[in-house]
Amino acid sequence: MALEAGSSGYGGSGWGGGFRSLMRRKQVDSDRVRAEGQPQLAKELSVPALVAIGVGSTVGAGVYVLVGTVAREHAGPALTISFLIAGIAAALSAFCYAELASRCPSAGSAYHYSYICVGEGVAWLIGWALVLEYTIGGSAVARGISPNLALFFGGPDSLPWILARHQLPWFDIIVDPCAAALVFVVTILLCVGIKESSFAQGIVTVLNACVMIFVIVAGSYIGFQIGWVGYKVSDGYFPYGVNGMLAGSATVFFAYIGFDTVASTAEEVKNPQRDLPLGIGVALAICCALYMAISIVIVGLVPYFAMDPDTPISSAFAKHGMQWAMYIVTSGAVLALCSTLMGSLLPQPRILMAMARDGLLPSFFSDVNKQTQVPVKSTIVTGICAAALAFAMDVSQLAGMVSVGTLLAFTIVAVSILILRYVPPDEVPLPPSMRESFHLNQECDEEKDRDLLGDGNCNTSQTKDVIVVVESMKDPLVEKRQHKGKMDETKRRKIAAFSIGSVCVGVLILTSSASVTWLPFLPICIGCTIGVLLLLAGLGVLSWIDQDDGRHSFGHSGGFTCPFVPVLPAMCILINTYLLINLGGDTWMRVGIWLLMGVLVYIFYGRTHSSLTDVVYVPVAQADEIYRSSSEYVS
């Protein structure tokens with residue numbers, strides 16, 4: 001029976017039970033699940049607000065620096081193509097996010113999707129990594145605002161004393177009161193309400209976009225006057241070759257990180273099936289267009305080898321007699337940092353809330369304020385932690401850790417798309433309130449099997465249905481056909497699962513072999529060959545077999561559908577895994593320590609307090625029947 005299968009499959013104790021707990025999956029959050037006393041967030045966001053959040057979280061001050069650094073060291077005049085390729089690579093992840101966000105519109109973003117499709121263990125690590133990403137990301141952004149702000153007061157050390165950086169005596173610590181104050185201001189704004197905070201972010205994002213448009217228009221005017229001297233260099237359009245352009249793409253890819261913030265607000269969107277995919281897609285398209293336009297202008301104004309790597313845009317205008325433009329460009333950098341700070345602090349309370357809802361963190365984090373309808377307690381904790389880091393630590397050396405959380409999330413979201421299409425969960429956990437209805441349903445079914453005439457607990461229409469089913473099963477041809485269809489479907493799911501595993505293992509072997517340059521050529525060639533064969537074999541089988549019919553009823557229907565499955569998710573996995581492996585050993589060592597801490601927290605708290613600890617798993621069709629008939633059985 002389903003009850004026995006669910007209990008034996010996900011219960012237990014000891015090492016076996018601990019391993020099974022890593023694989024248990026939760027149901028797609030729907031209105032009927034969240035209606036059981038769980039707090040509700042305010043549904044206030046529409047497409048313009050989502051676009052503002054997406055663009056504001058993505059377009060940071062880094063673009064004002066990346067243009068010069070990447071052009072000088074990697075791409076040269078081909079910087080525009082580097083931004084285009086990076087934008088296309090980011091769009092692969094955006095397609096995957098768009099489908100999952102519209103199907104599963106609940107707080108938690110990649111944590112929520114991986115909990116539904118992959119399992120509790122992977123979901124915990126993704127959520128734990130995202131907490132680190134947003135905390136360090138917000139602190140690093142806040143720490144970078146004060147140097148840019150000081151330029152308006154006359155120089156790097158010209159801020160008022162109360163906001164200026166100071167070195168503490170007897171400690172090798174430089175504190176930044178301005179950064180901490182800005183974090184607290186943003187935290188208070190986020191506590192007021194999602195409508196108010198998104199409106200404020202929209203204003204800041206529009207102002208930042210106006211600065212970027214000024215750079216594009218004024219730079220184009222100068223470029224047409226001087227004849228675009230930056231494109232007339234003797235080294236040609238690709239001075240570092242195609243490899244240099246691709247290396248530049250890998251660097252500027254991180255300028256597109258941030259659109260996943262839109263997915264974290266899914267539960268607060270008025271029409272998630274329509275608005276979430278539009279918000280993600282439009283935000284990414286706007287960012288790509290702005291990046292490419294700025295790169296076209298700046299690379300054309302100044303030869304790539306003559307660019308200032310620290311202030312490429314303002315120095316380009318200064319070389320053509322527009323020193324005053326430095327203040328406009330600096331204003332854009334400050335606005336971009338403020339908008340990115342809001343985008344970094346917005347998702348983390350919602351991820352903490354989602355993890356607390358599932359029992360993996362204390363219920364303190366899942367509280368939603370009745371007046372503002374936002375997770376105020378989680379927001380305050382997030383703000384205090386980010387402000388403390390921004391005040392006391394120079395977290396620039398930890399910036400690489402921000403990329404790990406995002407790339408892990410991008411990778412697992414692409415894997416979730418493959419699982420959703422080929423092996424979607426065919427069993428769902430039954431909420432505790434439905435347990436009694438489930439037991440009554442089982443008893444009623446057993447009674448029908450013994451006596452088709454039924455009794456008072458089973459009505460006449462239900463008895464007729466059972467009679468029809470039992471009589472049809474007496475036909476051996478019908479029984480054989482049903483048994484064969486069930487076996488074929490089981491076999492197809494096993495083949496699909498092995499193929500998805502082959503794709504993932506092949507990508508891991510291929511990217512690892514291609515990145516280990518210190519090995520001799522022959523082992524690298526063998527590793528790459530094995531990885532390519534596994535990847536192509538998995539893709540070939542997935543393209544040949546049918547997708548699961550259960551994908552149509554998975555979550556909320558009628559939203560965006562990711563195209564070119566399985567090729568597009570596989571390419572997304574390949575790109576993000578390659579970038580992950582090449583982040584550097586120091587970054588992975590720091591992230592490894594944080595993930596080890598997360599493993600300990602899960603073992604000693606999350607595993608035993610999970611809402612799926614003693615859950616009953618039933619087939620999807622049976623769960624729907626229980627929900628429909630629960631009122632009759634209870635009465």
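For all residues, glycine too, the Cβ spot is worked out from N, Cα and C.
Now, the feature entries from TrEMBL:
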type     : residues : note
TRANSMEM : 47-67    : transmembrane segment
TRANSMEM : 79-98    : transmembrane segment
TRANSMEM : 110-131  : transmembrane segment
TRANSMEM : 206-231  : transmembrane segment
TRANSMEM : 237-259  : transmembrane segment
TRANSMEM : 324-346  : transmembrane segment
TRANSMEM : 374-392  : transmembrane segment
TRANSMEM : 398-420  : transmembrane segment
TRANSMEM : 495-515  : transmembrane segment
TRANSMEM : 521-545  : transmembrane segment
TRANSMEM : 557-581  : transmembrane segment
DOMAIN   : 560-610  : domain 'Cationic amino acid transporter C-terminal'
TRANSMEM : 587-605  : transmembrane segment
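Beyond the transmembrane segment (110-131), the same-chain residues lying 6 or more positions past its ends with a Cβ under 8 Å from any Cβ of the stretch are 21-29, 100, 104, 260, 263, 347-348, 351-352, 354-355, 358, 360, 404-405, 408-410, 412-413, 415-416, 419-420, 424-425, 555, 591, 594-595, 598-599, 601-602, 606, 610, 612.
Confidence over the domain 'Cationic amino acid transporter C-terminal' (560-610), given as mean pLDDT on the 0 to 100 scale, stands at 92. Proximity of the transmembrane segment (237-259) to the transmembrane segment (495-515) is not established, fewer than 3 Cβ-Cβ distances being under 8 Å for residue pairs spaced 6 or more apart. Listed by sequence, the residues of this chain that lie at least six past the ends of the transmembrane segment (398-420) yet keep a Cβ under 8 A from its Cβ atoms are 92-93, 96-97, 99-100, 103, 109-110, 113-114, 116-118, 122, 125-126, 129-130, 132-134, 136-137, 140, 254, 257, 260, 500, 503-504, 542, 551, 554, 562, 565-566, 569-570, 572-573, 576-577, 579-580, 583-584, 586-588, 590-591, 594. If you count C-beta pairs under 8 angstroms between the transmembrane segment (324-346) and each of 79-98, 206-231, 374-392, the highest count goes to 206-231. Note: the stretches the transmembrane segment (495-515) and the transmembrane segment (374-392) are not in contact (fewer than 3 CB pairs below 8 A, sequence gap of 6 or more).
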